[in-house]
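Per TrEMBL, the features are:
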type	residues	note
DOMAIN	31-275	domain 'ABC transporter'
TRANSMEM	362-384	transmembrane segment
TRANSMEM	396-419	transmembrane segment
TRANSMEM	440-466	transmembrane segment
TRANSMEM	472-496	transmembrane segment
TRANSMEM	503-525	transmembrane segment
TRANSMEM	605-625	transmembrane segment
Amino acid sequence: MRNRLSASVSSDTERQTSNEFYMLNDVVRSLSWSNVTLTVEDRSTKQPRDLISRVNGRVQAGEILALMGPSGSGKTTLLNILAGRNKSSHGTAAVNDASIQASVYKKLTSFVEQEDALVGSLTVRETLEFAARLALPRSVLKAEKGTRVQNLIDSFGLKKQADTLIGTPIRKGISGGQKRRVSVASQLITAPKILFLDEPTSGLDSVASFEVISLLKKYAQQHQLIVVASIHQPSAATFQLFDKLLLLSQGQTCYFGAVSGVAPYFARLGMPVPDLMNPSEHILDLTNTDFDSEDEEGGTASQRLVTIQSAWKEQGNSDDVGTPILEKSDVFPDVQGLGLAHDLGIPVTLLQRLYLKSYRDIVTYWIRVAMYMGLAVMMGTVWLQLSTIQKDIQSFVNALFFGSAFLSFMAVAYVPAFLEDRAIFVKERANGLYGPLSFVVSNFFIGLPFLFLISILFATVTYWLISFRPDATAFFVHVMWLFLDLVAAESLVVLVSSLFPNFIIALALVAFANGLWMSVGGFLVPTGSLNVFWRYVFHYIDYQAYVFRGMMVNEFDGRTYRCAGNVVTGCSCAYESELSGQCKIDGKAVLQYYDYPTGQLGKTVGIMIGIIVVYRVLGYLALYFRK
Ligand SMILES: Nc1ncnc2c1ncn2[C@@H]1O[C@H](COP(=O)(O)OP(=O)(O)O)[C@@H](O)[C@H]1O
Ligand SMILES: [Mg+2]
């Protein structure tokens, strides 16, 4: 294999054949497992309970196994164990009848989760290309990556949709069945030898389900892949596509063997498939105890299940299962090209993908820009053309408070987009593509230009309409404060949504936090009057307070305002300063009233950056520990 691979650069035709050869599995001939058991503590009774109990099975290269059973029977649990994602299980698994190192095994397998986690604003081809770039090491040449993408597009019937967007809630894309095929194809890009799929047909109608499974079967046969897929209620036609069936109920085996043997087996048990009935439906009915009559202890359905389970145990059930040889095996010296891309290329690839996503995705990008612009026009016209008179001082202060607080508040609009990115991260991390650091770093950098754009647009509209201090430097300092405000607010969203990855909860908590920052920021209640709890626990970590203070100093330091009346008729100044004699107010007097020192720009900016860093580091830790 190594020889042919290294020859693959010599010519185009050879590259094509070697690529096909590469995708072909000639490494893994069989996957078998025996006595797989997972015991957990039951949530209600606190007693040990077997979620999976002594399950055996064996699949050969090119075969596709259906894992069936009523919901809650342990299908997902077993798949996770077989894929090596659950470390607390017991039993043995063997590849080619020999035990295998976990790290090698991981490179041979891929997992397609039940929920599609696709980036809606990428096309089908882009999705696969990014999957290739994230999952494949540099040693796989670019041309070969391209060939693999094209082969998978062809194999999964996506040729016509190759350049169509996947689709977002507000932008129609490909169909549900096509999405599922993209999910499957993107897990095949690394040329795994064993593929696990959790309910690849859930949510699809029977035609789309049949399509997914038949394409999968064809691919498995062509490439000698081992496929294990859980499936719920397949149609008769879909059911017949599988080679083997493992039927579970309450974590125990009810049948394992050829699909063609199912009907005869249950007939022998005295439970034949009725004429005209779909055999898969029949066996699910037989093993489902959900609708057992409650009046009798261990109703008829439970009794029947016990009969089926013990019948399976009695018949020895070992005819199809080889005995694994338990020793370290080195049958896989050649898993080169199966490694991951782990390097600096990952954050760059993620950045590119986020970039495509954000400028194509109306919700995360343009709707937010429009929203901020709407707010800017509203503020600019409500606080229209204030002048440097005493009467307008409070309006200036209010505009600064409202602008900084509301801009920060609007960051809640980022929650759904972040949760979507996080879902994709969780899936790709589980597949070993990259860790939380790459995700956090790319997420941070992709946000900066966008937030800067909003700050500058927002300030351009509001600053001059409201008539803040007319000075170029003051304008840019104002922009900087808006920018830091937005970066901090978005960092808070990242932290909260990483801790509580639920739309409603994250939204509520971010809104609450913003309400808190407004209340303790020193504007609504002067800092000196805040009681000690709010002041010492929250005021000093309130980023909005620093933004408001910074903007206040920027506006009032170096500007004077006219008092009411005039020197002749008598003059009354709301803020006493050295300029009272000239019937004017020095802006510094306003700052003194709020207890805001001047000349601390560097220090305040430093504190802001510190708060942002802390939020991001905490967000990283939340993602790191919350698996
Ligand atoms: N960590 C756990 N502790 C206790 N019970 C669990 C745990 N994980 C899953 N279960 C329970 O195990 C059963 C099997 O779950 P699952 O494998 O998801 O079933 P399926 O995929 O067949 O619907 C369910 O009843 C579920 O509530
Ligand atoms: Mg499940």
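Yeah, the Cβs are placed from backbone N, Cα and C, and that goes for glycine too.
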Handout entry: Cβ-Cβ under 8 Å with the transmembrane segment (605-625): same-chain residues at least 6 beyond its ends
Key = 422, 425, 435-437, 439-440, 444, 480, 484, 487-488, 491-492, 494-495, 498-499, 541, 543, 546-547, 550
Practice task
Let me know the model's mean pLDDT on the domain 'ABC transporter' (31-275).
Solution key: 90
Completion exercise
Across 362-384, 396-419, 472-496, 503-525, the most C-beta pairs under 8 Å with the transmembrane segment (440-466) come from 362-384
Handout entry: Long-range neighbours of the transmembrane segment (503-525), counting only residues six or more past its ends (CB under 8 A)
Key = 397, 401, 405, 408-409, 411-412, 415-416, 419, 489, 492-493, 496-497, 534-535, 538-539, 542-545, 548-549, 594
Handout entry: Intrachain neighbours beyond the transmembrane segment (396-419), with Cβ under 8 angstroms and 6 or more residues off its ends
Key = 361, 363-364, 367-368, 371-372, 375, 379, 383, 386, 443, 458, 462, 466, 468, 481-482, 485-486, 488-490, 492-494, 497, 501, 503, 506-507, 510-511, 514, 517-518, 521, 523, 543-544, 547-548, 551-552, 555-556, 590
